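The feature domain 'Amino acid transporter transmembrane' is assigned by TrEMBL to 84-435. If you look up TrEMBL, you'll see 84-105, 117-138, 159-182, 202-218, 230-251, 271-290, 311-332, 352-372, 392-410, 416-439, 479-499 marked as transmembrane segment.
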Amino acid sequence: MGFLSFFRKDKVLVKEDIVMTDGLSTSSTNTSTSNSTTISKLKHGFPHDTLPTSTLPSRISNSRCYRVIYTICQHFARSQAAMISWRVASVLIIAESVSLGVLSLPSAAASMGLVPMAFLIIFFTCATYFAGIVLWQFKTTYPHVRSYGDIGALMCGKYGQFMAEFQVGLLLGFIMAGHISIFSTMANQLAESAGSQWRCTIFYKILAGIISFVCNLPREFKSSREAAMLSGISITTAAFITIGGVVAQAHGQTHPTAQAFTPMSETSFDGIISGINMASVSFTGSMAYLPIMNEMEKVADFPKALRVAQAYIGSMYLVVSLVIFAYVGVGVQAPALSAAGSTISTASYSAAIPTILIAGFITGLVFAKNVFSWFHGADALLTAEGRLHWEWRAIVFCVWTAAVLVASGIPNFSSLLGLVGSLVGYSICFGTPCAGWIWHSANNLPPHLLPPDKGMSKRSARLARYIAAYRYSPKTSTFCYTMVIVAFVFTVLGVYASAIDLKRTSSNNAVFSCKSNL
């Protein structure tokens, strides 16, 4: 039997020696003129969008195997040709991180005050920077790592992979629901500004689900980079329109209820925890770090991209949360685009339309692909036909139906973000990366520090490695162990606070109702 050798050369696909099809092989030394001509063309390269079948025998060019092989290699060639620099990577990190979560930060600030909110944003910024460095270390040590699920598989096998992918899937699903929810708020705001008396929140949520379902039927989002950048620019523009509006409305005078520390008489313990939950959602962009690294020309440059991105993200979050809260006061709601009056809110929501739609589409596509790959593997999506094609459509329909149900069952935007933040926000922000650093350090010790494991059980040998890793780097190890404990504690407290918040807001927001959510 022959073999296939595909590799890259000057950004064209090159194919040497043998062409193999359904049980047939044709050698490059074959005397057939047509096959020799074809292989000669292949060695000189061919355009990625042209299938070179015109000079092949029909039994080869029409074979399923040939089409499958070409599709996979074409996908590989395009992905290799589209590598990005660290500057583009920094823009992508910003675009993937700055999304709807930023709109809940002023409300989070109202629950605790200006100083605690500033400290919280700085803490999350530093924590997610450390998380990015840990993920980069994993990528350089284990190049096959492409997602949180791969890290979970390294640490705890299939169980760890399932838990990591479940967390990411839960986050993606709730983010989709958040986009459905804010779409309905946007539609109600635009309808009000247009003077329409008819407004129905549940109708707008179903409409958003239908639009998202149709847009996610294609299995690839060919302009995802440009769309992500447009989404980041859109939400940034909307946020600064709101800032300008609230400052102008207040005539430059800060609101008297905006204090450095919100008195406990005006807030509560569960309210503070709910605010921290909402803030954590704004920093879950770390789940996009590994996919971005997969597309970089030099993975070694990722720390530079991360520093630039985190500096921008932290600065923007500080400005948006503190300025809007300072000029609106404790009455600021989430999403904050509604904080500046009808006219400014209409302009803000109009500017945010690309984020509300495109970011939701990208999130839904990623979630649907993850679900599809759980059942059929990642490569099956490239050539899904027949039954698999209909399965893809069914998965897209199910995930968006679930998003509409969640958005309708939890109609309050801040409660929705607080719940997802409590469930998986802390783990994705810094819990899982810090646990990953502990595992990485224990399993990649310098040879002279490896403890002797002769005559020891597997459990004892593993414990000895972790003790040796702690002694090798005590400060970083202490920090990581502390952060894992903090993530666990705040997850428990966050779920408790979210339950109280849901109970309190359920009476004010009708579930599955036409009632306006403005």
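Numbering starts at 1 and runs along the chain as it is shown here.
Glycine is treated like the rest: Cβ placed from N, Cα and C.
All annotation found in TrEMBL is predicted automatically rather than curated by experts.
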- Query: So, do the transmembrane segment (84-105) and the transmembrane segment (311-332) meet, by the test of 3 or more Cβ pairs under 8 Å (sequence gap 6 or more)?
  - Reply: yes
- Per the Cβ under 8 Å criterion, with at least 6 residues separating them from its ends, the transmembrane segment (271-290) contacts 92-93, 96-99, 101-102, 104-105, 107-112, 117, 120-121, 124-125, 127-128, 131-132, 135-136, 139, 145-148, 150, 168, 171, 302, 306, 313, 317, 334, 414, 417-422, 424-426, 428-429, 433, 490, 493-494, 496-498, 501
- Query: With pairs 6 or more apart in sequence, are the transmembrane segment (416-439) and the transmembrane segment (117-138) linked by at least 3 Cβ pairs under 8 Å?
  - Reply: yes
- Query: Does the transmembrane segment (159-182) come near the transmembrane segment (311-332), with 3+ Cβ pairs under 8 Å (pairs 6 or more apart)?
  - Reply: no
- Message: If contact means at least 3 Cβ pairs within less than 8 Å, sequence distance 6 or more, would you call the transmembrane segment (352-372) and the transmembrane segment (479-499) in contact?
- Response: no
- Under an 8 Å Cβ to Cβ limit, what residues of the same chain, 6 or more beyond the ends of the transmembrane segment (479-499), are close to it? 127, 269-271, 273-274, 276-277, 280, 415, 418-419, 421-423, 425-427, 429-431, 434-435, 437-438
- Item | Residues from the same chain, set at least six apart from the ends of the transmembrane segment (202-218), whose C-beta lies under 8 A from its own | 176, 179-181, 183-184, 187-188, 357, 360-361, 364-365, 368, 393, 396-397, 400-401, 403-404, 407-408, 512-514
